[in-house]
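Reading through the structure tokens given below for one structure.
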Amino acid sequence: MQRLGAWCPAASRGSNSVARQQCHAYQSCSTGLSSAAGCLLHKASRPVRSRAKSIAGRVISSKQGDVGFATPDVVRSGGSSSGRSEYEDDRELPIHRVLQERGRELSLPEAADEDEDADAETIAAATAAAAAAAAAYGRPLGPPPLGPHRYTAGVGTAGLGAAANMLPGSIAAAAAAAAAVGSVAAGDAVAAAAFLQDSLSAPSIDCGDCGAGLGIEPSSSGRVGCPVFVMLPLDTVWVVEREGRKVAILKRERALEIALHTLRKAGVEGVMVDVWWGICERAGPRVYDFSAYRRLFHKCAAAGLKVQAVMSFHAAGGNVGDTCKIPLPKWVLDIGERNPDIFYTDKQMHRNKECLSLGCDEVPLFWGRSPVDMYRDVVDAFANAFDYLFGAVITEITVGLGPAGELRYPSYPEGDGRWRFPGVGEYQCCDKYMLADLRAAARAVGHPEWGHGGPHDAGHYNSRSWETGFFVSQGGNWQSEYGHFFLSWYSGLLVRHARRVLGAAADVLNKPGRPRMLKAVRECEAGHVMYEFQPVVQLGAKLAGVHWWFKSRAHAAELTAGYYNTRDRDGYAPIIQVIAEFNGRLSFTCVEMRDCEHPPEGRCSPQGLLQQVLECAERYGVPLAGENALQRYDEHAFDRIAESAFGRTARAGRLEQLTFLRMGDLMFDNWDAFCAFLRRMRGNRSDVEQAQQAQLQQQQVYLQQQLLAQQYVGMAQAQQQQQQQLGSSSWAEAQQQQQQQAQQGLQPPMVPVGQQQQQPSSAAQQQQQQQPAVAQAGSQQQVDPGDLSGMQ
């Protein structure tokens, strides 16, 4: 059996699942057909189901459907296509309706089987296009180095088979070659060529043989606007008791479905939903229930919305804006009753039960598992349940790293009344696990006396910075040797916590058999080609916008939250470096806030903080998404969000997307304002740049008019002085003489500056030069007084 180029020996041996998987893996990485021509052939016009697949690398495998849409009939292990899921015969699934609405007139089993039935016409066209692509590239075709792993050909938003060892200059040539053989329309070829160029990137990959590497740089196209996601209510999924047992449901399901369609029609890109640990694993260890979330995701797919899933390993109800209470799983809280040191603890020994302390990250206290093990298992179970939606519907998995899902300590717990803005907060390091680590760190630096707890002079939750001996700007202990030791240890634990949890989640998403897409293609000088793949879902993390006391030297509130960020030190760089290690996306709050909106005694600067994080994320190549901390619909907030997304200049905008807080009654009460904001965010960067350029041109025209007016006034004053010197009779005679010369063509008529006619002929110029010097000087200074009346 020849498959789009006849280089896969596994496919020719039969139709068993292993051979098909190898063929899929081959198509994902093929030197010939994963090039532009091969990928374009997947979008050959298909009057029958044997025609080629979708544009730019659609490869139906046992894991994923076409670009942007997935097939639910997947198998859960090993990538084999020998089995079907429980949804095989459900023809009324929302995802099935979406696929048909988008023009795929196939049932789900047919979509999966379509990959096995390329007819002779398609094969011939593919072979010709591959040869043309190889000729354009300038190298013979051959099987690629698949490496030690065999990847299933899951295609996400960027397309797994979207690029191979083709230089950007060859992509357009390959697209033209594919169109020339009649396999795709010319328009599709151009679109696919642009798509392929955008899908290539060049991270650091070395050749396994020679260690050298040459990056294939993508040709970037302008991003259209800033995608807007909307947070769903915290209690979208709720637990109720029915028939003596607790079940998870969607609250107000019909109203939710209408709201989702309304959001999509308004231009919203997708929604963010909290996947609560206390709901999905409430029944017991490793007993997961995602049934309500499954219905929710299918409704989002039917509405055409993407989903940003937040693995919320914290409790709801203790933060600003929380409208419900969702605790941690009961079996976790039961362990906490016996061992309260699993929770963060302040110096008054108050236990914060919002989330688990990072001090016990690797201690197996929970039925033989550590907290990191539990986090990994939840993400793994979620991926097993929904990997057929990865890349098509679920585009990001944000892993909760602390209170409110943010990477920080619970240093300002407003929910229970211990803290009020703008207090500096308190250090959270008095549970026995963190104290043991602190003692070990103090002994390592030769100061065991530093290992007994946090600073004694750091004040309390509601202290002001200048009221403490530790945070005071001049001579504060934060600048001492002990202060540097403690702050480095305190913030270092947070960084290591992020690396452990994000690493565990990344391992789950990179497991063999998970849907993935091509990330980079590298070619060394010796001609070897290396391929790197990444999951089709983006891994995400959140940071808190602790903006109060940012204008002080110590940045007290940031220090207690775990960010060792002062006026002389960038405390966000180590965290963003960790996120960059796992190719993650950073979400940051307070994008709607302005400095002038806060009381001066709090020394707040949300704008300065956001700018610092923007610059740091750009330096390490981490995409940054923004969130508004408060639900606001006033023009000042919308202006600030747009400025954060696009910047004052076209080059300054760096937000990859915005997540808006939050869908609910208040949003629909301000629906007109929100829709206007969405239209504003849909404008692309080139439009913004054009608007700014037009504004600059208007300013330049205004300045030119002002300068012209000054010239008129100056010339009028000079004429008045000349008239006074010559007298009224001499002025009239000079004016009459100039009019006669103008009629004879010897001198141009008097016209205002800026409206001069073309230069007279050379003969007229020679005659003009023969005129008396006085008349010549008068012609250079005189202007019709009637033209100056308005200016004066």
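Glycine is treated like the rest: Cβ placed from N, Cα and C.
Annotations in TrEMBL come from automatic prediction, not curation.
Taken from TrEMBL, the feature region 'Disordered' covers 70-90 (among others).
Summarising the annotation, TrEMBL assigns compositional bias 'Low complexity' to 73-84 (among others).
Annotation source TrEMBL lists substrate binding site at D274, H314, D322, K542, H547, T589, N628, A629, R662. Within 10 Å of the Cβ of D274 (substrate binding site) there are 23 other Cβ atoms, across all protein chains.
Positions annotated as active site, proton donor by TrEMBL: E406. DSSP classifies E406 (active site, proton donor) as coil under the three-state reduction. Non-local contacts of E406 (active site, proton donor) by the CB criterion (under 8 A, 6+ apart in sequence, same chain) comprise K542, L543, A544, T589.
Summarising the annotation, TrEMBL assigns active site, proton acceptor to E627. The C-beta environment of E627 (active site, proton acceptor), restricted to residues of the same chain at least 6 apart in sequence and closer than 8 Å, consists of K542, S587, F588, T589, V591, L658, T659, F660, L661.
Under the heading region 'Disordered', TrEMBL lists 736-792 (among others).
What TrEMBL lists as compositional bias 'Low complexity' is 736-782 (among others).
Most buried of the binding-site residues H547, R662, judged by other Cβ atoms within 10 Å, is H547. If you compare every pair of Cα atoms in D274, H314, D322, K542, H547, T589, N628, A629, R662, the residues listed for substrate, the longest distance is 25 angstrom. Summary: among the binding-site residues (D322, N628), the fewest other C-beta atoms within 10 A of the C-beta are counted at D322. Secondary structure at E627 (active site, proton acceptor), as computed by DSSP, is strand.
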